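Visitor: These came from TrEMBL, pasted as-is:
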TRANSMEM  22-43  transmembrane segment
TRANSMEM  224-245  transmembrane segment
TRANSMEM  251-269  transmembrane segment
TRANSMEM  301-323  transmembrane segment
TRANSMEM  352-373  transmembrane segment
TRANSMEM  441-474  transmembrane segment
TRANSMEM  494-518  transmembrane segment
TRANSMEM  596-617  transmembrane segment
TRANSMEM  629-651  transmembrane segment
Amino acid sequence: GAPLKYDPEFQGPKRRRSCTDIIFLILFIVFLVAWAFIAFYAFKNGSLSKLFNPVDSQGRRCGEDSEVIDKKYLFFFDLSKCASPKVLLNGCDTPQICVEGCPKISWSSKPYIQGAKQFNLNDVQENLICVDENVKKSINTLEKLKASVDDGHCADWYISSSPVNYFCLPSHEDLSSSYQFLEDTGLPFALEVITNSTEHITTFSINEIGTKVLDDLLKTWRHIVIALIVTIVVSLVYIILLRWIAGIMTWLSLLAVLALMLTGAVYCVKRYIYLRDNEPTPVTGKMLKGELENLANVKELWLALTIILGILLLIALILIIFLRKRIAIAITLIKEGSKAVCSVLSSLFFPLIPWCLKCGVVIWVLFIAFHLFSIGTQIYKAYGMDVMCKCNDKYENLNNGDICDPKLFQQWCHNQNSPGAPCTSAGCRFYKMESDSVITYLHLFNAFGFFWGIWFVSGLSDLILAGTFAKWYWTFDKRRVPFFAVTEATARTLRYHLGTVALGSLIISICSFIRAIIEYTEKKVKAYENSIMKAFFCCLKCFFWCLEKFLRFINKNAYIMCAIHGRNFCISAKDAFNLLMRNFLRVVVLDKVTDFLFFIGKVVITGVVVAGAYFLVFQRNTLNLHFEGAVPLLAIAVCSYLIAATFFGVYSMAVDTLFLCFLEDCERNDGSVERPYFMSKNLRQILGKRNKEQN
């Protein structure tokens, strides 16, 4: 497109505006209303308990089904059968019933059955756990107790346990306190339960590890908070220092890259000369190490590496020489970005609001998704069918994996040796929720809502920050920048440009949604794929990844132009694209230099804070932590990086906004009294331009 012309009325972000892209704002509102209706439908018809409440051997969902509405927890008759890794796939091969509470004591019927202890009816009635209260009440003699235990109607033994996600599982303390009890009662599998079960029960539930992690976090939360405050301070100081050290860091980094290439090329030359003059001895054998050594002894490989590194070194050197002026402009713009951010410090803390909104979107999406998953018909399948489980009537030919009904299974299937007793190793177990196809479409709608919601919040944040920093650039006297620049930009965006944000975020959301569908489809057809299909999916993913990157780039710059001129998305995107294409090399150089510097900044800040926390607090482990400081240090590292990324996200938006303003300034103005440049003195010096003084 043609360069921008001088406009005497242009004095920075336009004050008189009109609403942009209203149709897409209406579309977004309609989408939100539909999303709210889906949430209402999911909440009304779904129940999270259907997903998370355990199911007993009779297919009843604890705390949910009418027969066990007051019994929330699942109890295992023979816990030793849970000590196998197969429990993660097939569950415990033992009767399981819903109970009101997990047993707080350890108890066994063996002392009575083996005659080591006189039969005590009160003790049996108080502590015996059976599949049904009627079965328990019918036991009034030692013979009935033995028969009920042998038939699998009652638990032979159990140890004290605690609720873990509604499962009655022993903690380490429970296991330790029950060790002597198991040996005293003569249970031969005592050691197995203590040693083997612990590992698999802990795997079955992360309660123990979670408790230790939480304990470490509770012990060190003050240190973590202090470290995060230090991160904020260090980030601010680093951004301020970039005003002076950006140039030094950039040029040193470029020289380091050239030095590495030169060192690599010299080493490859020496290696090639050595192999040319000395014939290497081949390494025999087919081990990987031998193959690598033989490959390293191929002199042609080192010659090829020398040529490649030499060409790359030459190209890099030529680019640096010819692009040195543009690199200097990029460095100066980064310094200007530091000035802008420090002039409007409130912009650094503004991202906390979008961050909270994004968390709200994620919680909303998960709330709907979980409730939608719980809507549908419960499908049960037979498991553990063997000769010991005999079925009659309709279930006579029932096999493992066949669909069944828990109530009919209980009615028609029984123990081979005891017709009145239920099957002990087999059962009719909950398999999955089978939903109507409509629910699938609602899931897709919810997934698309996730992308649109996240990108809408990101776009809103970008547009507000763009308006803030554009105001700073186009204010000739920087001391007169409004104190409430962020507030003004927020009000302007919310009043006029929500439609533009809706359109921009919709475009990226469609691309992100298609990428997600491609990833999902690829996983679904993985078993049937061949080389052609792999190549097809690879090309698709690559294309849409590139498309999304391009759209995000266009969106950001369209938001900047919209913040300045108040035009709709399409016109803003076109103007931004034309302006950037007229300055293509400047765009590429600025993008790469800023990406590199900001990445270095985030890594340095995170590394400094974590290293300081380790050497000053956690090195000696004086706090008696479970994992020797690993948990708080990991928490500090993750949170510090996120905080640094938030600060540098604002900085990046500042630099991008100032860059577009700078390009427009160069095209609109000429430095005359009537058309003075708004850019800083340093930028004018690099470009060899100056403003004429008014007489």
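Cβ from N, Cα, C; glycine included.
Keep in mind that TrEMBL annotations are predicted by a computer and have not been checked by a curator.
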Visitor: Per the definition of 3+ C-beta pairs under 8 A with sequence separation of 6 or more, do the transmembrane segment (352-373) and the transmembrane segment (22-43) touch?
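Guide: As far as Cβ distances go (cut-off 8 Å, pairs 6 or more apart), the transmembrane segment (352-373) and the transmembrane segment (22-43) touch.
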Visitor: Any chance you could find the range in 224-245, 251-269, 494-518 with the most Cβ pairs under 8 Å to the transmembrane segment (22-43)?
Guide: 494-518
Visitor: With contact taken as 3 or more Cβ pairs under 8 angstroms (pairs 6 or more apart in sequence), are the transmembrane segment (441-474) and the transmembrane segment (301-323) in contact?
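Guide: They are not in contact.
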Visitor: Would you mind listing the long-range same-chain contacts of the transmembrane segment (301-323), meaning Cβ under 8 Å and 6+ residues beyond its ends?
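Guide: Distant Cβ neighbours of the transmembrane segment (301-323) are 254, 257-258, 261-262, 264-265, 268-269, 271-272, 275, 295, 585, 589.
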Visitor: Who are the chain neighbours of the transmembrane segment (629-651) in space, where the CB to CB distance is under 8 Å and they lie at least 6 residues beyond its ends?
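Guide: Result: 213, 216-217, 220, 223-224, 227-228, 231-232, 235-236, 239, 242, 337-338, 341, 347-348, 350-352, 355, 465, 598, 601-602, 605-606, 609-610, 613-614, 617-619, 621, 623.
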